[in-house]
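Colleague: Sharing a structure below in structure tokens format, with a few things to ask.
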Amino acid sequence: MEPLAPMRLYTLSKRHFVLVFVVFFICFGLTIFVGIRGPKVIQTSAANFSLNNSKKLKPIQILSNPLSTYNQQLWLTCVVELDQSKETSIKTSFPMTVKVDGVAQDGTTMYIHNKVHNRTRTLTCAGKCAEIIVAHLGYLNYTQYTVIVGFEHLKLPIKGMNFTWKTYNPAFSRLEIWFRFFFVVLTFIVTCLFAHSLRKFSMRDWGIEQKWMSVLLPLLLLYNDPFFPLSFLVNSWLPGMLDDLFQSMFLCALLLFWLCVYHGIRVQGERKCLTFYLPKFFIVGLLWLASVTLGIWQTVNELHDPMYQYRVDTGNFQGMKVFFMVVAAVYILYLLFLIVRACSELRHMPYVDLRLKFLTALTFVVLVISIAILYLRFGAQVLQDNFVAELSTHYQNSAEFLSFYGLLNFYLYTLAFVYSPSKNALYESQLKDNPAFSMLNDSDDDVIYGSDYEEMPLQNGQAIRAKYKEESDSD
């Protein structure tokens, strides 16, 4: 058995464990309540056109409302209304042209992309036509935009077209700034307290959970993104890409943490890089590579073409999606194998069993809540084409944003609390390291939770004398 720095987990009673979970749920519930009361994420403004049943469509020029950096991004979508029976189903492809111009504050027109972009889009109508994304700007350089859209090659009887501008709600942007700042400050404090509590113990004596927490807490700081306000100060794609990169790094590190802990808690002593870490890094690294590739791919292509959508314009997207799902399935099976094996082998070891049960219980709660949030957001179509794309930094309401951030932050804070040593941990560890004092005449429950006799007051020595007399009589 490897020497371990003590954890507060060992000194908690059953009552304290219940209190830890209650505090976790209260904090998580507060974030959801604030999110429900918060503003909408997306604000829209519509511009409708009557085309008088003309089959010859001319280019349509659309001017956006005045924008600020708090609008973050800009989408232009279109819903086509056909002049035919609603029972008719149509699916046809047609080339669509788009030209985007920026309007400066003095009213002059600046050419963002001094050319007309041409992409093939699919119009799907079953009673009502599906929405088409015309253009998307990942960051805003100008206070207003003009988009010229061409549907000249759409050979269908058109009754009308409904164009909609979509941007982030400035009120939500301010909420996002303040709550990210709150979590950044709170995570920094928790990280410092956790490091301070372990300062008296050699890193060689840290448990695998404590070592991983020293990695996850700084990554959680990046996940909350202290550089996020730069996206409102600098007109650049870099802050948004950094945010995507930080999120993918933390989430994949969390996946790696689960694999390493459930395996490492069973393999005490030296953990070789080749046999212990390499397979886990390989599986999680593939997931990280797939998510980062899609994010960078989308960002770089949108810089040159506002019509670009990797779900529509990338022939390899289906292959990427299948690859991601296969690797995710391998990860889940491997994790379940490690959990089942650890639970079967360590269920009779008091200290290790306690670590295993607590991590499994809290992680199970977090995963159930996460799956519930995803189901409420996507419904039964959670594994359709929009799944990977929508799991990025885009949210549909404030409650969704705060629930995800609050869930992961409070999960790490709870783990940091139970894995950090208590105030008297150094003295207690010195006693436990001495075989003469370690678990002498104590059962497993007494060691973890304390016996009733230990909590009994001395009563001027009467209790001890009475116990000694009973033992003498029995002899």
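The backbone N, Cα and C atoms fix where each Cβ goes, and this holds for glycine too.
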Colleague: Looking at SER64, SER429, SER443, which one is marked phosphoserine in Swiss-Prot?
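Modeller: Of SER64, SER429, SER443, Swiss-Prot lists SER443 as: phosphoserine.
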Colleague: State the residues, same chain only, that lie 6 or more residues beyond the ends of the transmembrane segment (276-296) and have a CB under 8 A from a CB inside it; answer 'none' if no residue qualifies.
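Modeller: Those are 241, 244-245, 248-249, 252, 255-256, 259-260, 263-264, 267, 310, 320, 323-324, 327-328, 330-331, 334, 388-389, 392, in sequence order.
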Colleague: Honestly, do the transmembrane segment (356-376) and the transmembrane segment (16-36) touch, with at least three Cβ pairs under 8 Å and pairs 6 or more apart in sequence?
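Modeller: Answer yes, regions in contact.
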Colleague: Determine whether the transmembrane segment (320-340) and the transmembrane segment (401-421) share at least three Cβ pairs under 8 Å, counting only pairs 6 or more apart in sequence.
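Modeller: Contact between the transmembrane segment (401-421) and the transmembrane segment (320-340): absent, because fewer than 3 Cβ pairs are under 8 Å.
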Colleague: Please work out whether the transmembrane segment (214-234) lies in contact with the transmembrane segment (16-36), by counting C-beta pairs under 8 angstroms that are 6 or more apart in sequence and asking whether there are at least 3.
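Modeller: Not in contact, no.
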